[in-house]
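**Q** Annotated domain 'Peptidase M28' per TrEMBL: 143-336, in sequence order. Per TrEMBL, domain 'Endoplasmic reticulum metallopeptidase 1/1-A TM' is recorded for 402-624. Residues or ranges marked as domain 'Endoplasmic reticulum metallopeptidase 1-like C-terminal' by TrEMBL: 641-869. Look at TrEMBL and you will find 25-45, 376-394, 406-427, 447-465, 486-503, 509-528, 548-566, 578-600, 612-632 tagged as transmembrane segment.
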Amino acid sequence: MPQQKRVRFKEDEQQVKNLHHLESGAVYGALLIVVGCGLLTSYLGTRLPPALTVRDLERAPNAFIAERAWASLKTLNDLGPKPAGSQANEVLAYEFLLKEVQRINASKHDGQQLEVDSQTVTGAFSISLLNQSMTSVYRNVQNLVVRLAGSDVRQHALLLNCHFDTVASSPGASDDGASCAVMLEILRVLSRRPVRTRHTVTFLFNGAEETMLQAAHGFITQHPWAADVRAFLNLESSGSGGKEVLFQAGPHYPWLIEAYARAIRHPFAHTVGEEIFQLGLIPSDTDFRMFRDYGEVPGMDFAHIANGYRYHTRYDSMDFLSLDVLQRTGDNVLALTLDLAESDELAASDLPVGETVFFDFIGLAFVHYSASSGRLINLAVVVLSLIVPLMCFARARFDDVLREVIVGLVGTVFGTVFSIIACTTIARQLDFFGKSMTWYTNTHLILGLYCCPALLSHCFVYLFLTTFYTNSKSNLSLGQMTQARLVGVNVFWSVVTLAATVAGYRSGYIPMVLLVCSLASSTLNLLFNASRTHRAWMYIHLAGQLPALLWATNFYNVLIALFVPITGRFGGSRNPEVFISLLAAGGTLLCCSYLIPFIAQLRKMMNFTAKLSAIIVLTLVLACLSPLGMPYRDESMATEPTPQRHYVTHTFRVFHDEFGLYKSTDSGFLFQEMDRNTRATIEEFVAPGESLTPMRQMDSCQTELFCALPFYSLWHQMRFNNYWLPGPEPLYDNMVTMAYLGTEQLDSHTQRLLFAMEGSIQSSIVVGPKEGVQLVGWSLLDHVPRPAKFGGREGHFVFITHGLPGKAWNVTLDLRYDQPKPTGELVDIVVTTKFWEYHHMHTPEFEQLLAKFPSWSHVVPSVALVSVFPL
């Protein structure tokens, strides 16, 4: 039967029969395939190996046994929150780890040599994040360091690192107790082997990571064993459970990725994760930074990212973990440790350097190659993805083919543009009406709220192009037109791939894989001469799209699982709706771009768009008017809690004059705005009828350095819109003091101020030289980092952590000025004492305030004393 001519798409011509037209069931089938691929990749992303128990030791004596690691984790978990400086951290947790290591030492094989060192370390360093710098000072923080000697006399070592401290109010089962339990079990397994590894394996259990990575800095800069370290594995968590992802490697040492490829059977690693982290899109950091920057040691950074809702909350406990999580992490880290501990590279002095592209395909295969090879691969795929499908049109008129290619490209570009406009418009309206983050718990709402509008935008663009830009004189059948438009989609992804490659982003491999799948189906169509058939070409195309859909939906699932919980600690100044809507629009394009051109083949196009619109309306109703749109849940409302975070500080401020005499005091509660809904929660449940003052509108922000507020995590509090509620004085029985001892005149333009610091509690100091004065030196560091800026003032922020209690210590500040300054006109100083987990200091009023928060809130209470004085 001869092929019938394709006609212009008009309402009165919809019934014209064409063998290339598709029934409406085809599009629903395609969407089911997309959803099915998403469900499959979601399942594969959560599939974990069964845990081994002590009963498995007989058949697998050298295996990682999750049950033993679980017992260690239970002890750490049951100690509760363990912030640095607390008895739970400095005494109970440390003594438990030490006793476990001693037990392992007692049961080791006679051929093994195990050394233990308890390090108590003091130091300081400067660190910068979000374009603001600060000085980090630590005193008497603890590390437990264990060395399992290798057979090589040169003592080259592989370092494994975890931290046993936690943030306040969190047991820290995943962050990072599970990692320490995994390391104890790996130490136990290695110590019982009859043969030593070639290289030494050093285990660092560090006691102060949550306080700006301090204990790791103390080890890598001061411990004598640090000089032997040639590579490291850092075990971390920004979630609670699931698979551990390799999200940083190197930097610039491809042999580490080669070792990962050799050792890991079930990989989970992506270059894009490394680039996302290094761009600062994830508001956290790890000890990787200390080993890399201060030890110049290459390594790999692993973290659990599933269920980030529980990160740094009371729900980061064993109740929400499983033995299977420990088994998978332990299997992988043990295998990688053995590979690196036997490798030639650990002893080599001259190793190749360069960046690496690495990624796994839904955990089933791992691919890696050099960045230079990646550029060539991307270019080759781009060229072939354009040439091969065009060869299928060798007998067609070039003008007809080119026209449809342009339609496909224009349709994809404008579909993308209008999908972004549609999604962000919906996002802004939802936020305007106070319905922000309705998808926070039920992430499936994102499909209806944003993915469907994105898809509908693409549909309308293609409907417009089909209606007004169809070439009635074309000799191409409808099927051939669709194939040519798919070439236009190739052009779009080719431009994206080339742009990422030229910009130096290794993550250009993401669209490149889509092009590879399209190239594979085009090649088969060319080989079997299927492009002129009615249906065969389509089946070949869809077969090639199955791996592409698995690839794309896996990325969508991972990014949603990663970034949705992070919006709960974004702060309130940024609209998370816009961020998630853009993520959904991008995910829709990634998943559906090679299916959208088939819209032109639908017999009942308007019927499909009407149903899609109905889904959007229904989802909006459910999100805004039903309990499904409630963002937060506690353990009584859901098996997977999704709490709203709150940091509340009961604050007492003392202001002094230039002579150090008392001037005034005030007190109140400082609320840290963690997400877009924080203020609404505070106003509804905490302060009905009371006056909440935005931090930047406080009177003290106009007159005092850094508002004279209890800054402890400089970046969060400077970035977020915090709130102040006047209240009674807190209770306190101790504080950090900075006693002024006097002045030394170093020269005609430089004075040295001398102070005595006393008090072993977490604290901070802000030093703000006044106009015409500059801080040119101090005793904290051998240099003065650039000052931070806040509220129109510059100040040098110093964060101080105490592990074990210590003696008083002296601090000097060298100030230079052009003209002599009278008393009080040289510098402003703000000293803050921060009390975490000091529940005996909570007044009845503070307890009543905390009780007002709803059950689905996770509240982290603290008490702070702020002392302000000019000199």
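Cβ coordinates come from backbone N, Cα and C, glycine included.
Nobody curates TrEMBL annotations by hand; they come from automatic prediction.
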**Q** For the transmembrane segment (376-394), which recorded stretch in the set 406-427, 447-465, 509-528, 612-632 gives the largest number of Cβ pairs separated by under 8 Å?
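**A** The stretch I would name here is 509-528.
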**Q** Same chain only, please: residues at least 6 beyond the ends of the transmembrane segment (486-503) with a C-beta under 8 Å from a C-beta of the stretch. Say none if there are none.
**A** 374-375, 378-379, 381-382, 385-386, 389-390, 401, 404-413, 511-512, 514-515, 518, 541, 593-594, 596-597
**Q** Select the range from 25-45, 406-427, 447-465, 509-528, 548-566 that forms the most Cβ-Cβ pairs under 8 Å with the transmembrane segment (612-632).
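**A** That would be 447-465.
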**Q** Near the transmembrane segment (548-566), which same-chain residues lie under 8 Å Cβ to Cβ, leaving out any that are not at least 6 residues past its ends?
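**A** Sequence-remote neighbours of the transmembrane segment (548-566) are 33-34, 37-38, 40-42, 44-45, 239, 270, 282-283, 305-309, 311, 361-362, 439-440, 443, 446, 510, 513-514, 517-518, 579-580, 583, 587, 590-591, 594, 642.
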**Q** Thinking of Cβ pairs under 8 Å, which stretch from 25-45, 406-427, 447-465, 509-528 has the most of them with the transmembrane segment (578-600)?
**A** 447-465
**Q** Are there residues at least 6 beyond the ends of the transmembrane segment (447-465) whose Cβ is under 8 Å from a Cβ of it, and what are they?
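**A** Apart from its flanks, the transmembrane segment (447-465) reaches 9, 407, 410-412, 414-416, 418-423, 426-427, 430, 438-439, 580-581, 584-585, 587-589, 592, 596-597, 599-600, 605, 608-609, 612-613, 615-616, 618-620, 622-623.
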**Q** Near the transmembrane segment (25-45), which residues from the same chain, at least 6 beyond its ends, have a CB less than 8 A from one of its CBs?
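**A** The answer is 242-243, 362-364, 542, 546, 549-550, 552-554, 556-558, 561, 591-592, 595, 598-599, 601-602, 608.
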